[in-house]
Amino acid sequence: MSNLEFRRHRRLRQTPGLRSIVRETHLHTEDLIYPLFVVEGDNIKNEVPSMPGVFQWSLDRLGKEVEEAVNAGLQTIILFGVPSEKDETGSCAYDHQGIVQKATRQIKEHYPHLTVIADTCLCQFTDHGHCGVVEDGEILNDESLELLAKTAVSQAEAGADIIAPSNMMDGFVAAIRQGLDEAGFQNVPIMSYAVKYASAFYGPFRDAAHSSPKSGDRKTYQMDPANRREAFREAQSDAEEGADFLIIKPALSYLDIIRDVRNSHNLPIVAYNVSGEYSMIKAAAQNGWINEKEVVLEKITSMKRAGADLVLTYFAKDIAGWLNDSK
Ligand code: PBG
């Protein structure tokens, strides 16, 4: 074996100190966006059956959860509204007294420095459960834009720091940008769900937000999981229309897409670690089949390694706690 020539990669892995100075990707608490489901009513803390550890909160109980998040060091949350009333046009989405608007005002009053993102969509608020206006079973694109812009403006009026439209209608960024600008909110950024696939991984979220479509599916507006080039087109048009951040969703099965968009765009990129990705890990961990903390940290780090600047994840509070423990 005397003239064997090879590289010694293991040299740099010998000690925790060496490993830490060659580590290429770091996870920080400020990279995380923590989702919260807010629901009408009093004294409600409902665990979502398919998402152990995730709750729907009524406004009187929300404060404590937000306080815990802030104390853990989280700087950004995103609000998903679960209204008590739904109608054909999702009017509670753009009601000044809507659940997201009320929650935003309440949170900003107590935590003015917390960045509050409002998810902007109609599916939780419409009785048919689609993300746009429906007529004769068809989802109407252009007719939906005005309602989405109206929703965004009312969220900004309530004090939302960022508008995050997730509806996947064409032109939604342009319409919302124009709506915000005309209402005087030129400085409110849009975090666009630019690349959003029609994914089976959203199942548990639809339990949490009561937002399943009553008929049909979302395949005429959300993307085909088989497509990669289409992601470039979606990201490109949102960037051109004025998006300030680009969300890729889901994340785990789409790390290649995160990398593609990172390589082709300079906007901040957000990976949405969706509900099904959360629930799979929770279920396996509850069975003792995997180490939850290690698996979560590995997968969120992978999303950053793939090119995400921020990760939207139901594990955000747990991760913040783990990162604090390791300091
Ligand atoms: C739609 C929306 C969805 C999610 C958030 N907003 C997807 C959908 O129901 O089509 C899913 C998020 C998750 O699974 O965590 N407005």
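Cβ coordinates are placed from backbone N, Cα and C, and glycine is handled just like the others.
Noted in TrEMBL for the protein shown:
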- CYS121, CYS123, CYS131: Zn(2+) binding site (BINDING)
- LYS196: active site, schiff-base intermediate with substrate (ACT_SITE)
- ARG206, ARG218: 5-aminolevulinate 1 binding site (BINDING)
- GLU234: Mg(2+) binding site (BINDING)
- LYS249: active site, schiff-base intermediate with substrate (ACT_SITE)
- SER275, TYR314: 5-aminolevulinate 2 binding site (BINDING)
Cα-nearest neighbour of ARG218 (5-aminolevulinate 1 binding site) within the listed recorded positions, CYS131, LYS196, GLU234, TYR314: CYS131
Cβ-centroid neighbourhood (8 Å) of the Zn(2+) site, CYS121, CYS123, CYS131 excluded: GLY90, LEU122, GLN124, PHE125, THR126, HIS130, GLY132, SER166, ASN167, SER211
Proximal but sequence-remote residues of the same chain as CYS131 (Zn(2+) binding site) (Cβ under 8 Å, at least 6 apart): CYS121, LEU122, CYS123, ILE139, SER144, SER166, ASN167, MET168, MET169, ARG218, TYR221
Cβ neighbours of SER275 (5-aminolevulinate 2 binding site) where a neighbour is any other Cβ within 10 Å: 25
Minimum Cα separation from LYS196 (active site, schiff-base intermediate with substrate), reported as the residue among recorded positions ARG206, GLU234, LYS249, SER275, TYR314 that achieves it: LYS249
Cβ neighbours of ARG218 (5-aminolevulinate 1 binding site) where a neighbour is any other Cβ within 10 Å: 22
Tertiary neighbours of TYR314 (5-aminolevulinate 2 binding site) (same chain, Cβ under 8 Å, six or more apart): PRO35, MET51, GLY53, VAL54, ASN273, SER275, TYR278
The residue listed as 'Mg(2+) binding site' CB neighbourhood, other CB atoms within 10 A: 22
Close-lying recorded positions around ligand 1 among ARG206, LYS249, SER275, where CB distance stays under 6 Å: ARG206, SER275
